[in-house]
Each structure stands twice: as C-alpha cells, then as structure tokens.
Amino acid sequence: MPGSPRRAPGLLLQALVAMVSLALVAPFGLQPALWPMPRSVQVFPRLLYISPENFQIDNSPNSTAGPSCSLLLEAFRRYYNYIFGFYKRHHGPAKFQDKPQLEKLLVFINLEPQCDAFPSMSSDESYSLLVQEPVALLKANEVWGALRGLETFSQLVYQDAYGTFTINESTIADSPRFPHRGILIDTSRHYLPVKTIFKTLDAMAFNKFNVLHWHIVDDQSFPYQSITFPELSNKGSYSLSHVYTPNDIHMVLEYARLRGIRVIPEFDSPGHTQSWGKGQKNLLTPCFIQKIRTQKVGPVDPSLNTTYVFFDTFFKEISRVFPDQFIHLGGDEVEFECWASNPNIQNFMKKKGFGNNFRRLESFYIKKILDIITSLKKSSIVWQDVFDDQVELQPGTVVEVWKSENYLNELAQVTASGFPAILSAPWYLDLISYGQDWRNYYKAEPLNFEGSEKQKQLVIGGEACLWGEYVDATNLIPRLWPRASAVGERLWSPRIITNLENAYRRLAVHRCRMVSRGIAAQPLFTGYCNYENKMEK
C-alpha cells in the first residue's frame, strides 16, 4: 500500500472509513459520494485544485502497460471527459495557481496487463489509489482493476460553488466482494437497439458491474443472426431489421471488453423455444390431443438424434462468437404436457425405462446439452429449475437461483451439493412498485443462509434481472438505474456496508452523476441535480 498523503498542519482528521458519511469532505450535493463504497477509504481534509487545461491521466513510466495499451488510452480519454464533461474553458490563467494542485493521475499496472484480452471470472479487479499533491497514483495488477480505480477517482472529483474542480487527498484500497456482478437484459420480448445496449454497458461500468447476461432469444423472437443457421433469425425474429448481426455482436463484445465487462449469452432450452421452431424444422415437439396431432408445438424434442446434431453445431458457433468461458443454458419452466401427449415421446421413454417420469426425460436432454458444452471446453450456467428437477449436473455447473420463495434455503441446498451459485431472486427489477424499492434490493444479503464457510464461498455473485415483457428502449435505462445500483453495491462492497440513510445520501449524488453522464436514471425521491438542464447534451 502507498503511504498516507500529507496532512494539513492542525487539520489532521482520523481516517474516514467506509461507513462514515463523506459529507465531511464537501458540502452536501458536492460531496464525492463513492458508489459502490470501496473496501477501505481514507479521506483527508486537505483540498487539491485541478485545472482541466493542465490535468493529465497517463501511464506510469514503470507500468507493464505502455502507450500501446489501447484499452487504457481509451479509458483515460473517457474518464477525462466524464470528470470535466461540462467544463467551459477559462480565458486567462487559473485563479488558484498559488494553491495546492493535482496535476496528474498516473496509472501503474504491476503484472501482465491483459490489454488485448477479454475479462474472465478470474480477472483481478483490485486496485489502490493514492491522491496527494502533485501526482495521484492508481495501482492495479491488471487493467481491469485500473478501470475500476478510474471510476472511483472520477467520483472523488467535484466542483465547488464557483465551478472550480477540487479533490481531497485520499487513500483507497479496493477489491470486489463477489467476482460475478451481473445485469440481465432480455432482447427477445422486445428488441433493444445496439445503442441502448451500449448505454447499459456505460451505466454498468459506473456501478462496477462486470457481467452482461444477455438473454438474447426466447419464445417471442429469435434476433440472434446465426452464421450456420440463418433461417433461425430470418423466420424467428420480429422482422429482418430486428436482428443482431455478427458485426453487432462484435461491437457489443468489444464495447463491453473496453469497460471490463464480460458478455454471457443465454440460449434457453428445452422450453422457451417457440421462436426456434420457425426456422429449424423438427426441432420442437408436436403436441397431440387424443392422439390427433395439433398445430401446436411444445419444448424441444429430446427423443430425436437430429436435435443433438443441431445443438452440437449451433453451440460450436456460439463458442466461437462469444469468448467468455460460460454459456447460460437456461432450463427453466419446462412444461411436460406436450411431451406427455406425443406418442413418439411416450415410446422413447419406455425404451429408456423412464416410465412416466418426465423429469428423467428432462435430465436426459439437459445432460446431453451439458456434454456438448463440455466438449467445446466451455462451462455452463443453468436456472435453478434444472437443479430442483434433480438433473444430473456436471461438477462446476453454476446454478442461478431465481425463485423468490425460500431462495436462501435454495442457496443452502445448491451449495451443499457442491455447485457454485448465482443469486437473482431478490433482484427482479421488472417487478416494479411504488416508492423506494431500491431499499429492498439493498437489504438483500446473498450469504444470509445457514451453511458452512465452504458453502458460502460457492456463492460467486448475483444479477439484477430486467425481463422485457414491458421494457424496450424507451424505458430500459430509467427502470434499471439507479435501482440496479443498489444491487451493485451489495455485490461489490464489504458486507458491513448496510446503513440505508448513508446509502441514500450517496446514491442520490451518484444518480445525479449518472444523469450528468447521459444516463437517464430515474429519481430516488424529491430533489434536483445540478446538471439537469444539460441532460440532452
């Protein structure tokens, strides 16, 4: 850790730890309200003044990431604009030349920087930040920690009543509590333009989320444009303009990478697949009534070899397109009625000795899909239904707990069985309610279940989910933010950070900060933002 910054004579304060309100640092409304709260914060009363004309963000001379690290260079430019975005250049010299100034922020990467890599579950997001005259130093082992530290530094800078940029001398040491901190978006119920996804990724970076769970297809539409099976989107999308082309996917992946965000695609099956059947013949199960075939189709047909040939080829493509180690396979809400009505399925189950136990049929199918993913050297995530239905899961399969009933008990059962878990049950943001529902999201504690320390280490994080039945590009951003910010702090900050009133004060400022950066985050309650008149800029 770097040494403590200089203290102004006679003004020495005890270090302000994370639980203490930052209102002491600056007047309310101008305070550098940190969100999410870092693991360790020391803020001192000595103010440094910043001249936008002279201030620089640059690589430290001995950093392993040099001037060729385009990820960092782009981040330096981006955060300079975030900090000084509404600044109007003065004519003439700055008025505080005789006062202590901060002239630079130097960024030092200690290990292999990973400038050209994609982030992963094991990426190191830790960093330390020392702010003192005349140069601040941001240290990180990898570029991912530097990105998180740049966000924190930007939140420390504020403007006084005269428009002067200032920052308090500070020392911060920080790292995330959980490695998986996600936002789920749904692009099947409503297509989301790529620009809207970009805006979501921006806001995620402001809140230190690191996973975009992309629920890309579902019953309603199939907007993913497959190279191998183009008819899936040609016939399954809402229209030929409501698709994500290979170039669209590439742009989203790169935009996310530059912000230290992983993109995990979800291709849910055997249920939630009605749109698949429009472009892939004989994939879905024909439904019968009294042994007469109807026009209706049900889940994927698990009895046909052609089903697994298709998925083997399809997931080979997905494994090439999406670089992340994980693919989400869904597996939720499988309806057995259509399978039960189909004579071919009945005969298949007899041959396999499944009797009338359709959970065994589901298990047979899911295991085949899991084997395909494993053969591609990828790992799987499934919804809790797969675990609840006693499907035989491979070691390391991640179970996402989404059902609100007894979700803590579910976490206990999943982890007791040795499987990693992701929690999303208390964070379904599509379930809107009047008032400050963010407080309920904030109070949800992922590890508040009875279990051993080993079990709790298997909880790798959580996700805020915004399903798309009533959400499109017109309301996605204000419905997500700042409500998802509460989840962001719960997943990043130490468990002891629980004070709601302190959180409200900081989140109100953070919400205004997001507004100033072009994120149309809805208000927490009554009040105002300094930059509201410039939202459209």
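Each residue, glycine too, has its Cβ placed from N, Cα and C.
The structure displayed is predicted, hence computed values, not measured ones.
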In Swiss-Prot, C338 is disulphide-linked to which residue out of C287, C465?
C287
Of the candidates C69, C465, the one sharing a disulfide with C115 in Swiss-Prot:
C69
Out of the disulfide-bonded residues C287, C338, C529, give me the one sitting nearest to C115 (disulfide bond) by CA distance.
C529
Simplified to three states, DSSP reports C338 (disulfide bond) as helix
What DSSP gives for C287 (disulfide bond), in three states, is strand
